[in-house]
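Annotated domain 'Major facilitator superfamily (MFS) profile' per TrEMBL: 1-402, in sequence order. Residues or ranges marked as transmembrane segment in TrEMBL: 27-44, 50-71, 83-105, 111-133, 196-219, 234-257, 269-289, 309-335, 355-374, 380-398.
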């Protein structure tokens, strides 16, 4: 239900962003999330608990659209990718901390209520801190609140660059005004350049989920137990380590995204993901094969039956996180925050985030069922195949946007849509 709420929140969050601004959208997400956490904590029955999960999901969905766009619009182009990546770091770091917080609450009476209720604290803290932050300068300029927009830009850029940024913003806002005053969802599919941009953005979001990341995060204790580690404590400990690696890998991604570029980082990430998934698949296939049965007969005297393969599976899991988190973790959010024109940014960001959450729901609800049908090894082999398709997709449809201003990215899509020497050059970047 939390994911279902996130789908609804992301779908409506784009409109909220464009109509009321990034700041108010963030404040709304905080309020909804805090209320949902309190409802869950105080739930007298399962139905109220589920309703609380739905509310929390709504807040998550709105925030997932708003945070990357707000950060990108307030960031200089040369460090934009890294700053948007910090948002992903806060998510992966939050996942790691949630393991520790929940572990601490296992010794407290009313365990699950504390676990769910304490989630309101970050939302409340962010609400009050957000009151001191300005609105996005680009949204202000688009809404004809130019003095406020210039005042915000003056806090970000020095005097030598301020005039240039204001001129670029004026051109972008003029184009947005003439193109659409009130963008609707279907308008995204009416122009070729917008279709290409949305294909790239939504495709990255879908492949982020279908290459298995949340399957690994949701079910890492189960996967570790499937690998032969039957102790619940050991499974949870290894899962905690994997969550920590996910956060650490995101830090590496923040460092690389504005140096290597989005496209190259994603392609390298996917290469490692494919290799890791093949290792995972091979370990599980060997564990269930007749070969492993014969090996077990030899190893039984030493008490090592299946353990070596179990450790290979855990190694594959760790390698998967190490390769996924720097590239396929932050890049889809960074790219989606910068590839859409001003007038379309909220709507397209909401639509692509909805694709992410729908894909998340499909993967999380089908993983264990697919494992039952084709086995764990077969499941990871399928995900490896999806990762190969993702590699081809990125190579063909995702251009490099490192260091480009929003206006340069917009021209890139027009050149790609309507041809020209610059379009061919953009494909090769």
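Cβ atoms are placed via backbone N, Cα and C, with glycine included.
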Interface present between the transmembrane segment (355-374) and the transmembrane segment (234-257) (three or more C-beta pairs under 8 A): no
Interface check, the transmembrane segment (111-133) with the transmembrane segment (83-105), three or more C-beta pairs under 8 A: yes
Top partner of the transmembrane segment (355-374) among 27-44, 50-71, 83-105, 196-219 - counted as Cβ pairs under 8 Å: 196-219
Beyond the flanks of the transmembrane segment (380-398) by 6 or more, those residues with Cβ under 8 Å of it: 196, 199-200, 203-204, 207, 210-212, 215, 262-263, 266-267, 270-271, 273-274, 277-278, 280-281, 284, 328, 335, 370, 374
Spatial neighbours of the transmembrane segment (196-219) far in sequence, C-beta under 8 Å, 6+ residues away: 95, 188-189, 242-243, 246, 266, 270, 273, 277, 317, 320-321, 324, 328-329, 331-332, 335-336, 339-340, 348, 351-353, 355-356, 359-360, 362-364, 367-368, 380, 383, 386-387, 389-390, 393-394, 397-399, 413, 416-417
Cβ-based contact of the transmembrane segment (309-335) with the transmembrane segment (83-105), 3 or more pairs under 8 Å: yes
Stretch-averaged pLDDT - the domain 'Major facilitator superfamily (MFS) profile' (1-402): 86
Cβ contacts under 8 Å made by the transmembrane segment (83-105) with residues that lie 6+ beyond its boundaries: 67-68, 71-72, 75, 111, 114-115, 118, 122, 217, 236, 239-240, 243-244, 246-247, 249-251, 253-254, 257, 325, 329-330, 333-334, 337-338
Positions whose Cβ lies under 8 angstroms from the transmembrane segment (269-289), at least six residues beyond its ends: 211-212, 226-228, 306, 309-310, 312-313, 315-317, 319-320, 322-324, 326-328, 331, 375-381, 383-384, 387-388, 390-391, 394
